[in-house]
Amino acid sequence: KMAAAASDLLTGWCLFGLALLAILIFCWVYVRKYQSRRESEVISTITAIFALAVALVTSALLPVDIFLVSYMKNQNGTFKTWADANVSRQIEDTVLYGYYTLYSIILFCVFLWIPFVYFYYEEKGEDDGNTCSQVKTALKYTLGFITICAVLLLIGAFVPLDIPNKKNSTEWEKVKLLFEEFGSSHGLTALSFSISSLTVIGMLAAITYTAYGMSALPLNLIKGTTSAAYERLENTEDIEEVEQNLLRIKSKCRDGRPLSSRDRRTLQQLEERLRTLRRRERHLESIEKSWWTKFCEAIRPLKIVWGVFFIIVALLFTVSLFLSNLDKALHSAGFDSGFIILGTNLTNPLNMLLPVLQRVFPLDYILITTIVMYFIFTSMAGIRNMGIWFFWIRLYKIRRGKTRPQALLFLCMILLLIVLHTSYMIYSLAPQYVMYGSQKYLVQVRYLTTLQNWEVIILLYLGSLIFFLCVCVLILFHFISDECIVTRTYLFLHKFWFFSAAYYFGNWAFIAVFLIGLIVSCCKGKKSVIEGEVDDDDSDMSDDELSVYYH
């Protein structure tokens, strides 16, 4: 048994190493694909790759957490022979330390590393040559982010979760209670409050980018893009029309008469329009001759299949989220409890599908992993299509081969925040599964009426006793704490009721934005084959950057 356990452990570490290597390779390819060649910097590239890898690894921790708590028990509800109290505690602590590490790295990236690199690069663009001055200025601006992080940690460390019941308790007793809570939680509350604060920002980013990406990505795959040859024909006609208008205006000054101010403005606009059209002509010609375009045309049916699959996943996700939120609105304890609901009154499609898939290992974990990764990749698609916005001001565009380092840093920071919100979104869809996985337990009773609200699977009679094989559910949390192991994810989700209330309202906003994005995406026509790659404010030097992908 020890040899088998060691072999399983070695296999697990090998798989983990291969997965980590695959994530790093994907992050390197993704960053290099969108990075501007003329403005690329080593430090910004490494930061973007590292932050993106942290986001993907953190998103993968939720399925691993669910798998581990489920793997420690047999299908008959008993613990496996190797899963004694010490081993179970070690596994729980390992997962918890994994969350500690990754969440601490996220705090480090969001509040220190990414802001420092961003401001350092901003100063480098204004003051070349003086590295010491750039570092000082970057540290000065980064100090503001560090202060915000410290304030969040302090608030989280001493926020009272348990208020003394004694009305005549002194102020010193209340302060003493705060320190006792901080010591007993070992900093978990402080970290949880900081992460929850960032998760609220991630919720806003998910509402803005992920909801739109979930509707735009599948429909874009299904509709495809316009033909490069057709666009070249239209572009050639536009060039001829602009050239004729230019000749007509220039003919007015052949006899030496000056042009009017209106004609000069029109002439300038037409010349800028002509330069843009000629850049489009060069790009369209490169795309039409590229091997990548021919490859994309060959796999067009596969893209349609993927688009249909993605839209099914998106609809499954949205319908499940709607029914889950409706269940909370009808049956939860209300706003003061963070809309937490014990048990499930309205079954959603995901809650129905997961118990069925649990019968065939590992279909349920594949589904959860698919939904998590789909959530991340649709977020990438939403950010890529919309760009980086601050309210109504567009800060940066995400374009292939032409994205500025600052935009890539923003993209990675937004993804880090969205990943934090992913765990709560999945919990909203399937709270029982996220909390306990596929765990079951045996209950020994003498009367059937004592289990009238329990989810009974199998009924066994042994003498005068009755044994039930039951599913671990949230409503029995205080009664089955020794029989069922709760995931570490749950510990970070429900420390503060007011954050849970904010997530509840955010889910409604997410559904609304998804439906609006779905309607808009359905009404829009096919995208241009060079969508977003040629703008009026581009320079002619930018043509060389895109040629790398087309030849």
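Cβ coordinates come from backbone N, Cα and C, glycine included.
Features reported for this protein in TrEMBL:
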COILED    260-287  coiled coil
TRANSMEM  12-31  transmembrane segment
TRANSMEM  43-64  transmembrane segment
TRANSMEM  97-121  transmembrane segment
TRANSMEM  141-161  transmembrane segment
TRANSMEM  188-212  transmembrane segment
TRANSMEM  304-323  transmembrane segment
TRANSMEM  365-395  transmembrane segment
TRANSMEM  407-427  transmembrane segment
TRANSMEM  456-480  transmembrane segment
TRANSMEM  501-520  transmembrane segment
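Annotation: stretch 407-427 has the most Cβ pairs under 8 Å to the transmembrane segment (43-64), among 188-212, 365-395, 407-427.
In summary, the transmembrane segment (365-395) does not lie against the transmembrane segment (97-121): fewer than three C-beta pairs, each 6 or more positions apart in sequence, are under 8 Å. Here the transmembrane segment (97-121) has Cβ contacts under 8 Å with residues 41, 43-44, 47, 50-51, 54, 57-58, 61, 134-135, 137-139, 141-142, 145-146, 148-149, 191, 194-195, 198, 405-406, 409-410, 412-413, 416-417, 419-420, 488-489, 492 of the same chain, all six or more residues outside its ends.
Between the transmembrane segment (304-323) and the transmembrane segment (501-520) there are 3 or more Cβ pairs closer than 8 Å, counting only residues 6 or more apart in sequence, so the two stretches are in contact.
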